[in-house]
Amino acid sequence: MLLALAQWLAQDVRFFNVFNYITLRAVLAAMTALLLSLAAGPAVIRWLAAKKIGQAVRNDGPQTHLVKSGTPTMGGVLILIAIGITTLLWGDLTNKYVWTVLVVTLGYGIVGWYDDWKKVVYRDPNGLASRWKFFWQSVLGIGAALFIAFSAKSPAQTELIIPFFKTMAYPLGVIGFITLTYFVIVGTSNAVNLTDGLDGLAIMPTVMIAAAFALIAYVTGHAVYAKYLLIPYVPGAGELCIFLGAIAGAGLGFLWFNAYPAEVFMGDVGALALGAALGTVAVIVRQEIVLLIMGGVFVIETLSVMLQVGYFKYTKRKYGEGRRILRMAPLHHHFEQTGWKETQVVVRFWIITIMLVLIGLSTLKLR
């Protein structure tokens, strides 16, 4: 929106040409989203509290979490509003990838919002039925996969890129690409949601990964840099920097209120949407494996739940009683049960994410 205005004004005042630079607009997007989150946060929290949209806490969870009962949830709405407004302000609205990530993000946000709403307003502990949640996640994931696949301009835009190797890329074909894209988007969405169990635990890794992928998107959308780094050139992908900058800014603004002790929780509306956003971006810039590396915390949290549930069902069938691998899943609760304080778990997981993000960025050059 503002880009179009700047381009029109640039016909008479050359200064406005500066807004054609993606890097400048990405920084402005991050700042705008941050300020929007900080400014609107108190009002959103007050509204959620007034409507008694509070978090229910598991009785079988860590006893230290019982004090969190009633804390306003669905704060992810604040993040999505900041991301949406900022991207529309600073993004190139003629870019197909901008609309792709916006539609997917807001679509998953709506699914998460309805799930949260049923839990906290209608007091339904199960929220949106799992089959319906999975159905709508699948519709959005497959829809995005089809659009990206059939709008690709070259075979390289649908190949699986293997990090650390100069020329190792596997042609996926349409079916393979759609399948991979589906699992990346849906899987990342649910992985972030599973991780969102402690104050600040999910949002800061999301901010770090978004910032790192902003750099990746920039070089992927730049023909010269992409050729130099031996990565696929995806025309228009650079514009995702604005969207990713908005995620980073909105996420930091939300962290202001979500840091321990949290004044508000993200809820499924935020976690599902942010995970889907990261997954969609990774697919567009052809760096799904790099997302797997950077999002290692999300991956291990998801695996901990899968192993815990799988082992419990297996032992119950074999021995007549279910047994557990961990004291409690997801993994962050296991560490709490072993004596780690909540803030220790969160900060240590942040440190791990910093290391993984640096490893992921190193794949751009180490080939």
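The first residue you see is number 1, and the count goes up from there.
Here the Cβ of each residue, glycine as well, is placed from N, Cα and C on the backbone.
Annotated features, as they stand in Swiss-Prot:
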TRANSMEM  27-47  transmembrane segment
TRANSMEM  73-93  transmembrane segment
TRANSMEM  97-117  transmembrane segment
TRANSMEM  132-152  transmembrane segment
TRANSMEM  167-187  transmembrane segment
TRANSMEM  200-220  transmembrane segment
TRANSMEM  237-257  transmembrane segment
TRANSMEM  264-284  transmembrane segment
TRANSMEM  289-309  transmembrane segment
TRANSMEM  344-364  transmembrane segment
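The stretch with the most CB contacts under 8 Å to the transmembrane segment (264-284), chosen from 73-93, 97-117, 200-220, is 97-117. Where the transmembrane segment (344-364) meets the stretches 27-47, 200-220, 237-257, 289-309, the count of C-beta pairs under 8 angstroms peaks at 200-220. By the Cβ criterion (distance under 8 Å, sequence gap of 6 or more), the transmembrane segment (237-257) is not counted as touching the transmembrane segment (289-309), fewer than 3 such pairs being found. Taking Cβ pairs closer than 8 Å, the transmembrane segment (167-187) reaches residues 104, 134, 137-138, 140-142, 144-146, 148-150, 155-156, 158-161, 230, 232, 276, 279-280, 282-283, 288, 291, 302 in its own chain, all 6 or more past its ends.
Under 8 Å from some Cβ of the transmembrane segment (27-47) lie the Cβ atoms of residues 72, 75, 77-79, 81-83, 85-87, 89-91, 241-243, 245-250, 252-254, 256-257, 263-264, all in the same chain and six or more residues away from its ends.
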